[in-house]
Amino acid sequence: MTITFLSAFFFFRGTGSDKRVLGGSLLWILIIGGPAYYGIFQDTITMPPPFLWILIAVPLLGYSAYRFLRLTQTNFTYLLGLHGLRLPIELVLFQLFLQGHIPQLMTFEGWNYDIFMGVTAMILLGYARVLKRPTPPLLLLIWNTFGIVFLTIIVIIAILSSPLPFQQLAFDQPNVALSQFPYIYLPAYIVPLVYLAHLLEIRRLWVARKTNK
C-alpha cells in the first residue's frame, strides 16, 4: 500500500497538483480495493473472470486521463519519482516469486527488465537535482521509449501467466498474486500511471520540438 500511495502522490504532483487527479486516484483505489479485499478478482471459474474487467477498464480510464491532463502542468521531476518506484516494485515481485505467487519470468531473473528503468530514473533525477541541468531531449525520448517497451513486455508476460482462459505461460507457477489485495494495485493502478507518465513526457518533448522549429 505504501508504494500505491506514493505513486498517487508523485503522479498528483507530477501532473500539476490537480485535486481532481488526486480525487480520481483515491476513488479508483477504493473501487478496486473493496472487491480485491474480498477475493472477487481471484475467481477464475466465473465467465468472464472478474479480473478481465480490470484489463478492459484500465486502458479506457488511462486514455481518458491522457486526454484530460494538460501538458503545461507536468513536472518531470515528480514523474521521475514515480518511475523510481519501479525499483522497489521489482524487489516486491521477486519476493512474490520466492513465495510461489508469481513465475520467475516476471522477475529480473526472468524476462522483466523494468528494474533498469527504476535505477536509471534515480540517476536522471540525481542529474537534474544535483547538476541543475536539463536532460538532453533526445536522451529523454529514448529513455521514455525504452520504458514503454520494457513495461509492455512485463505486462504481456503477466497477463499470459495469469490463470485466465488465454493463459500461455507459467502453468507450473502461475501469476496469482496480482489479482489479490493489495497487489491488485500494481496492474490496476500503478502500471497505468507509469504508462501515462511516459506518454505525457513524450508528448511534451514532441510539442517542444515542433515549437522550436
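Along the chain as shown, residues are numbered 1 onward.
Glycine too: its Cβ is placed from the backbone N, Cα and C atoms.
Small disclaimer: the values here were computed from a predicted structure and weren't measured.
Remote same-chain residues near the transmembrane segment (21-38) are listed as 4, 8, 11-12, 15, 50, 54, 61, 65, 69, 179-182, 184-185, 188-189 (criterion: CB distance under 8 Å, separation of at least six residues from the stretch ends). Taken from TrEMBL, the feature transmembrane segment covers 21-38 (among others).
Marked as transmembrane segment by TrEMBL: 50-69 (among others). The list of residues near the transmembrane segment (50-69) in space but at least 6 beyond its ends in sequence, with Cβ under 8 angstroms from a Cβ of it, reads 15-16, 18, 21, 24, 28, 32, 35, 40-44, 159, 162, 164, 179, 184, 187-188, 191-192, 195-196, 199-200.
The feature transmembrane segment is assigned by TrEMBL to 76-98 (among others).
As annotated by TrEMBL, transmembrane segment applies to 110-128 (among others).
Feature annotation from TrEMBL assigns transmembrane segment to 140-161 (among others).
The transmembrane segment annotation in TrEMBL covers 181-200 (among others).
Counting Cβ pairs closer than 8 Å to the transmembrane segment (110-128), the top stretch among 76-98, 140-161, 181-200 is 76-98. Nonlocal intrachain contacts for the transmembrane segment (181-200), taken as residues 6+ away from its ends with a CB within less than 8 angstroms of a stretch CB, comprise 1, 3-4, 7-8, 11, 14-15, 25, 28-29, 32-33, 36-37, 39, 41, 54-55, 58-59, 61-62, 65-66, 69, 71, 74, 79, 82-83, 85-86, 89, 92, 96, 144, 147-148, 151, 155, 158.
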